[in-house]
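According to TrEMBL:
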- 56-76: transmembrane segment (TRANSMEM)
- 83-102: transmembrane segment (TRANSMEM)
- 84-236: domain 'Sodium/calcium exchanger membrane region' (DOMAIN)
- 114-133: transmembrane segment (TRANSMEM)
- 145-166: transmembrane segment (TRANSMEM)
- 186-203: transmembrane segment (TRANSMEM)
- 215-234: transmembrane segment (TRANSMEM)
- 270-412: domain 'Sodium/calcium exchanger membrane region' (DOMAIN)
- 271-289: transmembrane segment (TRANSMEM)
- 296-314: transmembrane segment (TRANSMEM)
- 334-359: transmembrane segment (TRANSMEM)
- 371-389: transmembrane segment (TRANSMEM)
- 395-414: transmembrane segment (TRANSMEM)
Amino acid sequence: MGSTQPKSVFEFEDQSLVGGEKHSLDEAPLRDLYSGGANDCCPHVMKNSVVDSIRIVVFSAKINLLMPFGPLAIVVDKLTGHHGWVFLLSLLGIIPLAERLGQLACYTGPTVGGLLNATFGNATELIISIYALKRGMIRVVQQSLLGSILSNMLLVLGCAFFAGGLVHSHREQVFNKATSGVNSGLLLMAVMGLLFPAVLHSTRTELHYGKSELSLSRFTSCIMLVAYASYLFFQLRSQHNLYIPVDQSENHTEENSDDEEAPEISKWESIIWLSILTLVISVLSEYLVNAIEGASVAMSIPVAFISVILLPIVGNAAEHAGAVMFAMKDKLDITLGVAIGSSTQISMFGIPFCVVVGWFMGCPMDLDFQLFETATLFLTVLVVAFMLQEGTSNYFKGLMLILCYIIVAASFFVHRDPKAIQDKPQNPKQ
(Lines of atoms letter the chains of each structure in order from A; the text may use other names.)
(Lines give C-alpha, C1' and ligand atoms only; values in the text may rest on other atoms or scores of the structure.)
Protein backbone atom coordinates (compact mmCIF):
# COMPACT_ATOMS: atom_id res chain seq x y z
CA MET A 1 0.00 0.00 0.00
CA GLY A 2 1.11 3.55 -0.64
CA SER A 3 1.61 6.05 2.10
CA THR A 4 -1.52 7.66 3.39
CA GLN A 5 -2.00 11.31 4.17
CA PRO A 6 -4.57 12.57 6.67
CA LYS A 7 -7.55 14.25 5.08
CA SER A 8 -9.05 17.41 6.43
CA VAL A 9 -12.62 17.84 7.54
CA PHE A 10 -13.56 19.61 4.38
CA GLU A 11 -12.01 17.08 2.04
CA PHE A 12 -14.08 14.38 3.73
CA GLU A 13 -17.30 16.33 3.32
CA ASP A 14 -16.40 17.05 -0.30
CA GLN A 15 -15.95 13.38 -1.12
CA SER A 16 -19.18 12.59 0.64
CA LEU A 17 -21.20 15.18 -1.18
CA VAL A 18 -19.89 14.03 -4.53
CA GLY A 19 -21.43 10.68 -3.67
CA GLY A 20 -18.33 8.52 -3.83
CA GLU A 21 -18.15 5.38 -1.75
CA LYS A 22 -14.48 5.66 -0.98
CA HIS A 23 -13.87 4.67 2.62
CA SER A 24 -10.10 4.75 2.98
CA LEU A 25 -7.97 4.67 6.08
CA ASP A 26 -7.39 8.38 5.58
CA GLU A 27 -10.83 9.19 6.96
CA ALA A 28 -9.91 8.28 10.55
CA PRO A 29 -9.01 11.76 11.84
CA LEU A 30 -12.17 13.11 10.28
CA ARG A 31 -14.32 10.61 12.08
CA ASP A 32 -12.71 11.82 15.27
CA LEU A 33 -13.94 15.34 14.59
CA TYR A 34 -17.51 14.41 13.93
CA SER A 35 -18.09 11.87 16.64
CA GLY A 36 -15.41 11.95 19.27
CA GLY A 37 -14.09 8.52 18.32
CA ALA A 38 -12.21 7.01 15.44
CA ASN A 39 -14.70 4.23 14.95
CA ASP A 40 -17.92 6.19 15.26
CA CYS A 41 -18.39 7.10 11.63
CA CYS A 42 -17.74 3.74 10.08
CA PRO A 43 -19.96 3.23 7.05
CA HIS A 44 -20.93 -0.33 8.02
CA VAL A 45 -24.18 -0.85 9.89
CA MET A 46 -25.24 -3.08 12.74
CA LYS A 47 -28.83 -3.88 13.60
CA ASN A 48 -29.83 -3.93 17.27
CA SER A 49 -32.90 -4.79 19.23
CA VAL A 50 -34.87 -1.95 20.80
CA VAL A 51 -33.36 -2.73 24.20
CA ASP A 52 -29.81 -2.73 22.82
CA SER A 53 -30.42 0.55 20.99
CA ILE A 54 -31.71 2.21 24.17
CA ARG A 55 -28.74 0.86 26.11
CA ILE A 56 -26.27 2.23 23.58
CA VAL A 57 -27.81 5.69 23.29
CA VAL A 58 -29.07 6.30 26.81
CA PHE A 59 -26.76 4.34 29.09
CA SER A 60 -23.40 4.34 27.27
CA ALA A 61 -22.05 7.72 28.46
CA LYS A 62 -21.58 9.03 31.99
CA ILE A 63 -22.92 12.45 31.01
CA ASN A 64 -26.31 10.79 30.46
CA LEU A 65 -26.67 10.67 34.25
CA LEU A 66 -27.98 14.23 33.85
CA MET A 67 -30.94 13.12 31.71
CA PRO A 68 -33.37 12.63 34.63
CA PHE A 69 -33.11 16.34 35.41
CA GLY A 70 -35.18 17.06 32.28
CA PRO A 71 -38.36 15.23 33.39
CA LEU A 72 -37.73 16.49 36.92
CA ALA A 73 -37.87 20.08 35.62
CA ILE A 74 -41.33 19.42 34.14
CA VAL A 75 -42.53 17.88 37.44
CA VAL A 76 -41.21 20.83 39.46
CA ASP A 77 -42.88 23.28 37.08
CA LYS A 78 -46.26 21.53 37.40
CA LEU A 79 -46.09 21.11 41.20
CA THR A 80 -44.37 24.28 42.42
CA GLY A 81 -43.94 26.66 39.49
CA HIS A 82 -40.61 27.81 40.97
CA HIS A 83 -38.89 29.31 37.94
CA GLY A 84 -35.42 29.24 39.47
CA TRP A 85 -35.44 25.46 39.93
CA VAL A 86 -37.19 24.82 36.62
CA PHE A 87 -34.54 26.83 34.78
CA LEU A 88 -31.63 25.09 36.53
CA LEU A 89 -33.05 21.58 36.07
CA SER A 90 -33.92 22.22 32.40
CA LEU A 91 -30.42 23.54 31.83
CA LEU A 92 -28.86 20.38 33.27
CA GLY A 93 -31.31 18.10 31.46
CA ILE A 94 -30.56 19.54 28.01
CA ILE A 95 -26.77 19.13 28.31
CA PRO A 96 -26.62 15.32 27.73
CA LEU A 97 -29.31 15.57 25.02
CA ALA A 98 -27.24 18.13 23.12
CA GLU A 99 -24.18 15.89 23.43
CA ARG A 100 -26.06 12.85 22.14
CA LEU A 101 -27.49 14.87 19.28
CA GLY A 102 -24.03 15.73 17.98
CA GLN A 103 -22.76 12.17 18.43
CA LEU A 104 -25.67 10.42 16.72
CA ALA A 105 -25.59 12.64 13.64
CA CYS A 106 -22.39 10.93 12.56
CA TYR A 107 -23.96 7.47 12.55
CA THR A 108 -26.11 8.37 9.54
CA GLY A 109 -23.18 7.47 7.30
CA PRO A 110 -20.32 9.21 5.51
CA THR A 111 -22.51 10.87 2.89
CA VAL A 112 -24.67 12.95 5.21
CA GLY A 113 -22.98 12.40 8.57
CA GLY A 114 -20.73 15.43 8.38
CA LEU A 115 -23.46 17.80 7.29
CA LEU A 116 -25.92 16.51 9.88
CA ASN A 117 -23.29 16.79 12.60
CA ALA A 118 -22.65 20.41 11.73
CA THR A 119 -26.38 21.13 11.70
CA PHE A 120 -27.35 19.26 14.85
CA GLY A 121 -24.24 20.52 16.66
CA ASN A 122 -25.89 23.94 16.90
CA ALA A 123 -29.47 22.69 16.90
CA THR A 124 -29.91 23.26 20.63
CA GLU A 125 -29.13 26.98 20.36
CA LEU A 126 -31.44 27.37 17.36
CA ILE A 127 -34.31 25.52 19.03
CA ILE A 128 -34.03 27.68 22.15
CA SER A 129 -33.84 30.78 19.95
CA ILE A 130 -36.99 29.88 17.98
CA TYR A 131 -38.98 29.32 21.18
CA ALA A 132 -37.73 32.63 22.53
CA LEU A 133 -38.76 34.34 19.28
CA LYS A 134 -42.26 32.90 19.60
CA ARG A 135 -42.51 34.61 22.99
CA GLY A 136 -41.13 37.86 21.64
CA MET A 137 -37.93 37.59 23.71
CA ILE A 138 -35.68 39.10 21.07
CA ARG A 139 -32.93 40.10 23.48
CA VAL A 140 -32.66 36.54 24.81
CA VAL A 141 -32.22 35.29 21.24
CA GLN A 142 -29.59 37.90 20.41
CA GLN A 143 -27.64 37.43 23.61
CA SER A 144 -27.75 33.62 23.63
CA LEU A 145 -26.40 33.44 20.08
CA LEU A 146 -23.76 36.04 20.93
CA GLY A 147 -22.86 34.04 24.03
CA SER A 148 -22.44 30.89 21.97
CA ILE A 149 -19.90 32.66 19.75
CA LEU A 150 -18.01 34.11 22.73
CA SER A 151 -18.01 30.77 24.55
CA ASN A 152 -16.61 28.87 21.57
CA MET A 153 -13.96 31.45 20.72
CA LEU A 154 -12.71 32.20 24.23
CA LEU A 155 -13.67 29.44 26.67
CA VAL A 156 -13.69 26.35 24.43
CA LEU A 157 -10.65 27.32 22.37
CA GLY A 158 -8.85 28.66 25.46
CA CYS A 159 -9.34 25.43 27.44
CA ALA A 160 -8.23 23.40 24.40
CA PHE A 161 -5.05 25.45 23.95
CA PHE A 162 -4.36 25.33 27.69
CA ALA A 163 -4.84 21.57 28.04
CA GLY A 164 -2.94 20.79 24.84
CA GLY A 165 -0.11 23.11 25.88
CA LEU A 166 0.26 21.39 29.24
CA VAL A 167 0.34 17.93 27.68
CA HIS A 168 2.83 19.03 24.99
CA SER A 169 4.72 21.56 27.09
CA HIS A 170 8.06 20.67 25.48
CA ARG A 171 7.08 22.31 22.19
CA GLU A 172 4.53 24.56 20.53
CA GLN A 173 1.62 22.92 18.78
CA VAL A 174 0.95 23.92 15.17
CA PHE A 175 -2.17 24.22 13.03
CA ASN A 176 -3.13 25.39 9.54
CA LYS A 177 -3.06 29.20 9.40
CA ALA A 178 -5.05 29.29 6.16
CA THR A 179 -8.08 27.70 7.78
CA SER A 180 -8.08 30.06 10.75
CA GLY A 181 -7.53 33.04 8.43
CA VAL A 182 -10.64 32.29 6.37
CA ASN A 183 -12.77 31.83 9.50
CA SER A 184 -11.40 35.02 11.06
CA GLY A 185 -12.39 36.91 7.91
CA LEU A 186 -15.93 35.54 8.08
CA LEU A 187 -16.20 36.45 11.76
CA LEU A 188 -15.10 40.00 10.99
CA MET A 189 -17.75 40.15 8.27
CA ALA A 190 -20.33 39.07 10.85
CA VAL A 191 -19.13 41.84 13.18
CA MET A 192 -19.57 44.34 10.35
CA GLY A 193 -23.10 43.07 9.76
CA LEU A 194 -23.96 43.63 13.43
CA LEU A 195 -22.10 46.91 13.78
CA PHE A 196 -23.91 49.01 11.17
CA PRO A 197 -27.47 48.50 12.55
CA ALA A 198 -26.18 49.20 16.08
CA VAL A 199 -24.41 52.40 15.03
CA LEU A 200 -27.37 53.45 12.90
CA HIS A 201 -29.67 53.09 15.90
CA SER A 202 -27.29 54.75 18.39
CA THR A 203 -26.60 57.77 16.20
CA ARG A 204 -30.31 58.12 15.28
CA THR A 205 -29.40 58.67 11.63
CA GLU A 206 -32.03 56.33 10.19
CA LEU A 207 -33.82 57.59 7.10
CA HIS A 208 -37.08 56.19 8.48
CA TYR A 209 -36.80 55.90 12.25
CA GLY A 210 -37.76 52.45 13.50
CA LYS A 211 -37.97 50.98 9.99
CA SER A 212 -34.60 51.51 8.29
CA GLU A 213 -32.75 49.58 10.99
CA LEU A 214 -35.02 46.54 10.65
CA SER A 215 -34.91 46.66 6.83
CA LEU A 216 -31.12 46.91 6.88
CA SER A 217 -30.92 43.95 9.27
CA ARG A 218 -33.07 41.75 7.06
CA PHE A 219 -31.17 42.71 3.91
CA THR A 220 -27.81 42.14 5.63
CA SER A 221 -29.00 38.77 6.96
CA CYS A 222 -29.81 37.60 3.43
CA ILE A 223 -26.34 38.71 2.29
CA MET A 224 -24.72 36.86 5.21
CA LEU A 225 -26.60 33.66 4.32
CA VAL A 226 -25.37 33.97 0.73
CA ALA A 227 -21.83 34.53 2.03
CA TYR A 228 -22.07 31.42 4.23
CA ALA A 229 -23.36 29.33 1.33
CA SER A 230 -20.46 30.60 -0.77
CA TYR A 231 -18.09 29.70 2.05
CA LEU A 232 -19.41 26.14 2.09
CA PHE A 233 -18.98 25.87 -1.68
CA PHE A 234 -15.48 27.34 -1.38
CA GLN A 235 -14.28 24.87 1.22
CA LEU A 236 -16.07 21.81 -0.16
CA ARG A 237 -15.56 22.18 -3.90
CA SER A 238 -13.17 24.92 -4.96
CA GLN A 239 -10.34 25.12 -2.43
CA HIS A 240 -10.53 21.99 -0.34
CA ASN A 241 -6.73 21.51 -0.62
CA LEU A 242 -6.42 24.66 1.47
CA TYR A 243 -7.59 22.71 4.50
CA ILE A 244 -5.05 19.87 4.52
CA PRO A 245 -3.67 19.61 8.07
CA VAL A 246 -0.14 20.87 8.72
CA ASP A 247 1.25 17.60 10.02
CA GLN A 248 1.11 15.35 6.97
CA SER A 249 3.49 12.74 8.40
CA GLU A 250 1.48 11.68 11.44
CA ASN A 251 1.12 7.94 11.80
CA HIS A 252 -2.50 6.83 12.08
CA THR A 253 -1.84 3.09 12.46
CA GLU A 254 -3.76 2.83 15.70
CA GLU A 255 -6.74 4.75 14.32
CA ASN A 256 -6.69 2.70 11.13
CA SER A 257 -7.16 -0.47 13.13
CA ASP A 258 -10.15 1.11 14.81
CA ASP A 259 -11.74 1.91 11.46
CA GLU A 260 -12.55 -1.74 10.90
CA GLU A 261 -15.01 -1.72 13.79
CA ALA A 262 -18.64 -1.15 12.89
CA PRO A 263 -20.70 1.50 14.66
CA GLU A 264 -22.97 0.28 17.39
CA ILE A 265 -26.22 1.46 15.77
CA SER A 266 -27.48 1.61 12.21
CA LYS A 267 -28.27 4.61 10.02
CA TRP A 268 -32.04 4.36 10.47
CA GLU A 269 -31.71 3.88 14.21
CA SER A 270 -29.68 7.09 14.27
CA ILE A 271 -32.29 9.01 12.31
CA ILE A 272 -35.05 7.81 14.68
CA TRP A 273 -33.03 8.78 17.74
CA LEU A 274 -32.16 12.18 16.22
CA SER A 275 -35.88 12.86 15.77
CA ILE A 276 -36.68 11.76 19.33
CA LEU A 277 -33.89 13.81 20.91
CA THR A 278 -34.81 16.89 18.86
CA LEU A 279 -38.40 16.58 20.08
CA VAL A 280 -37.33 16.20 23.72
CA ILE A 281 -34.95 19.18 23.47
CA SER A 282 -37.79 21.22 21.97
CA VAL A 283 -40.04 20.42 24.95
CA LEU A 284 -37.35 21.21 27.52
CA SER A 285 -36.38 24.37 25.64
CA GLU A 286 -39.92 25.67 26.06
CA TYR A 287 -39.74 25.18 29.82
CA LEU A 288 -36.25 26.70 29.88
CA VAL A 289 -37.30 29.82 27.98
CA ASN A 290 -40.49 30.24 30.02
CA ALA A 291 -38.45 30.12 33.25
CA ILE A 292 -35.81 32.69 32.28
CA GLU A 293 -37.75 35.72 33.55
CA GLY A 294 -38.57 34.19 36.93
CA ALA A 295 -35.13 32.64 37.29
CA SER A 296 -33.50 36.02 36.77
CA VAL A 297 -35.51 37.48 39.66
CA ALA A 298 -35.38 34.38 41.89
CA MET A 299 -31.60 33.99 41.61
CA SER A 300 -30.85 37.73 41.38
CA ILE A 301 -28.93 37.20 38.15
CA PRO A 302 -29.27 39.60 35.20
CA VAL A 303 -31.03 38.22 32.13
CA ALA A 304 -27.99 39.30 30.09
CA PHE A 305 -25.73 37.03 32.17
CA ILE A 306 -28.16 34.10 31.86
CA SER A 307 -28.44 34.56 28.09
CA VAL A 308 -24.78 35.23 27.27
CA ILE A 309 -23.04 32.96 29.79
CA LEU A 310 -25.34 30.23 31.14
CA LEU A 311 -27.44 29.25 28.09
CA PRO A 312 -24.43 28.73 25.75
CA ILE A 313 -22.95 26.26 28.24
CA VAL A 314 -25.78 23.89 27.32
CA GLY A 315 -25.12 23.89 23.58
CA ASN A 316 -21.32 23.96 23.84
CA ALA A 317 -20.80 21.25 26.47
CA ALA A 318 -20.05 18.47 23.96
CA GLU A 319 -17.96 20.77 21.75
CA HIS A 320 -15.97 21.85 24.78
CA ALA A 321 -15.04 18.30 25.74
CA GLY A 322 -14.26 17.30 22.16
CA ALA A 323 -12.05 20.32 21.46
CA VAL A 324 -10.01 19.73 24.62
CA MET A 325 -9.62 16.03 23.86
CA PHE A 326 -8.32 16.63 20.33
CA ALA A 327 -5.93 19.34 21.52
CA MET A 328 -4.46 16.90 24.03
CA LYS A 329 -4.00 14.44 21.14
CA ASP A 330 -2.13 17.18 19.21
CA LYS A 331 -4.88 17.49 16.58
CA LEU A 332 -5.32 21.24 16.62
CA ASP A 333 -6.80 21.41 13.13
CA ILE A 334 -9.72 19.38 14.43
CA THR A 335 -9.91 21.55 17.56
CA LEU A 336 -10.16 24.69 15.44
CA GLY A 337 -12.82 23.04 13.30
CA VAL A 338 -14.89 22.42 16.43
CA ALA A 339 -14.43 25.78 18.18
CA ILE A 340 -13.90 28.39 15.46
CA GLY A 341 -16.00 26.50 12.90
CA SER A 342 -18.99 26.48 15.25
CA SER A 343 -18.57 30.21 15.94
CA THR A 344 -18.51 30.87 12.21
CA GLN A 345 -21.67 28.86 11.67
CA ILE A 346 -23.56 30.67 14.44
CA SER A 347 -22.44 34.13 13.32
CA MET A 348 -22.91 33.66 9.57
CA PHE A 349 -25.87 31.25 9.61
CA GLY A 350 -27.52 31.06 13.03
CA ILE A 351 -28.00 34.78 13.62
CA PRO A 352 -29.22 35.72 10.11
CA PHE A 353 -31.39 32.58 10.06
CA CYS A 354 -33.16 33.77 13.23
CA VAL A 355 -33.66 37.20 11.67
CA VAL A 356 -35.32 35.61 8.62
CA VAL A 357 -37.42 33.27 10.80
CA GLY A 358 -38.53 36.24 12.89
CA TRP A 359 -39.40 38.04 9.67
CA PHE A 360 -41.79 35.25 8.66
CA MET A 361 -43.18 35.05 12.21
CA GLY A 362 -43.88 38.76 12.28
CA CYS A 363 -41.30 39.27 15.03
CA PRO A 364 -39.02 42.34 14.57
CA MET A 365 -35.78 40.44 15.19
CA ASP A 366 -32.89 42.59 13.94
CA LEU A 367 -29.10 42.75 14.00
CA ASP A 368 -28.97 45.62 16.49
CA PHE A 369 -27.28 43.77 19.34
CA GLN A 370 -26.62 47.12 21.11
CA LEU A 371 -23.20 48.75 21.26
CA PHE A 372 -22.04 46.91 24.41
CA GLU A 373 -22.61 43.45 22.94
CA THR A 374 -21.30 44.39 19.49
CA ALA A 375 -18.14 45.90 20.95
CA THR A 376 -17.60 42.75 23.02
CA LEU A 377 -17.85 40.58 19.92
CA PHE A 378 -15.56 42.85 17.92
CA LEU A 379 -12.82 42.80 20.57
CA THR A 380 -13.19 39.03 20.97
CA VAL A 381 -12.72 38.42 17.24
CA LEU A 382 -9.65 40.68 17.23
CA VAL A 383 -8.07 38.94 20.23
CA VAL A 384 -8.64 35.46 18.79
CA ALA A 385 -7.44 36.53 15.33
CA PHE A 386 -4.17 37.77 16.83
CA MET A 387 -3.79 34.53 18.82
CA LEU A 388 -4.20 32.46 15.65
CA GLN A 389 -2.10 34.48 13.21
CA GLU A 390 1.16 32.63 13.97
CA GLY A 391 -0.30 29.17 13.44
CA THR A 392 0.97 27.96 16.81
CA SER A 393 -0.50 27.50 20.26
CA ASN A 394 0.69 26.93 23.82
CA TYR A 395 -0.77 26.87 27.31
CA PHE A 396 -0.12 30.60 27.82
CA LYS A 397 -2.29 31.55 24.84
CA GLY A 398 -4.99 29.28 26.20
CA LEU A 399 -4.76 30.90 29.63
CA MET A 400 -5.10 34.36 28.06
CA LEU A 401 -8.27 33.34 26.23
CA ILE A 402 -9.78 31.86 29.40
CA LEU A 403 -8.99 35.03 31.38
CA CYS A 404 -10.56 37.10 28.61
CA TYR A 405 -13.73 35.03 28.92
CA ILE A 406 -13.80 35.59 32.68
CA ILE A 407 -13.61 39.35 32.06
CA VAL A 408 -16.49 39.09 29.57
CA ALA A 409 -18.58 37.06 32.04
CA ALA A 410 -17.95 39.59 34.82
CA SER A 411 -18.88 42.43 32.47
CA PHE A 412 -22.25 40.90 31.63
CA PHE A 413 -22.91 40.13 35.30
CA VAL A 414 -22.82 43.86 36.11
CA HIS A 415 -24.34 44.98 32.80
CA ARG A 416 -27.84 46.43 32.88
CA ASP A 417 -29.47 45.90 29.52
CA PRO A 418 -31.94 48.72 28.79
CA LYS A 419 -34.00 46.33 26.64
CA ALA A 420 -33.90 43.40 29.05
CA ILE A 421 -37.08 41.57 30.03
CA GLN A 422 -36.54 42.30 33.72
CA ASP A 423 -36.74 46.03 33.04
CA LYS A 424 -40.34 45.66 31.88
CA PRO A 425 -43.38 45.38 34.18
CA GLN A 426 -43.92 41.74 35.03
CA ASN A 427 -45.28 39.45 37.71
CA PRO A 428 -43.23 36.22 37.54
CA LYS A 429 -44.00 33.17 39.58
CA GLN A 430 -41.34 32.48 42.21
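Glycine too: its Cβ is placed from the backbone N, Cα and C atoms.
Keep in mind that TrEMBL annotations are predicted by a computer and have not been checked by a curator.
Here the transmembrane segment (334-359) does not touch the transmembrane segment (271-289). Their Cβ atoms form fewer than 3 pairs under 8 Å, with each pair 6 or more residues apart.
Beyond the transmembrane segment (215-234), the same-chain residues lying 6 or more positions past its ends with a Cβ under 8 Å from any Cβ of the stretch are 182, 186, 189-190, 193, 196-197, 200, 344-345, 348-349, 351-353, 355-356, 359, 365-368. Within the chain, the transmembrane segment (371-389) has long-range Cβ neighbours (under 8 A, six or more residues past its boundaries) at 142-143, 146, 149-150, 153-154, 157, 161, 175, 177, 180-181, 184, 187-188, 190-191, 194-195, 198-199, 202, 308, 336, 340, 397, 400-401, 404, 408, 411, 415, 417. Looking at which of 83-102, 186-203, 271-289, 296-314 has the most CB pairs under 8 Å to the transmembrane segment (395-414), the answer is the stretch 296-314.
Contact count against the transmembrane segment (83-102) (Cβ pairs under 8 Å) is highest for 271-289, out of 145-166, 271-289, 296-314.
The helix, strand and coil residue counts that DSSP assigns across the domain 'Sodium/calcium exchanger membrane region' (270-412) are 122 helix, 2 strand, 19 coil. Proximity of distant same-chain residues to the transmembrane segment (271-289), defined by a Cβ-Cβ separation under 8 Å and at least 6 residues beyond the stretch ends, is recorded for 53, 57, 70, 73-74, 77, 86-87, 90-91, 93-94, 97-98, 100-101, 104-105, 108, 116, 120, 123-124, 127-128, 131-132, 135, 137, 140, 265, 311. Sequence-distant contacts of the transmembrane segment (296-314) (same chain, six or more residues past either end, CB-CB distance under 8 Å): 82-84, 87, 91, 94-95, 98, 124-125, 128, 139-140, 142-144, 146-148, 150-151, 288, 373, 408-409, 412-417, 420-422, 428, 430.
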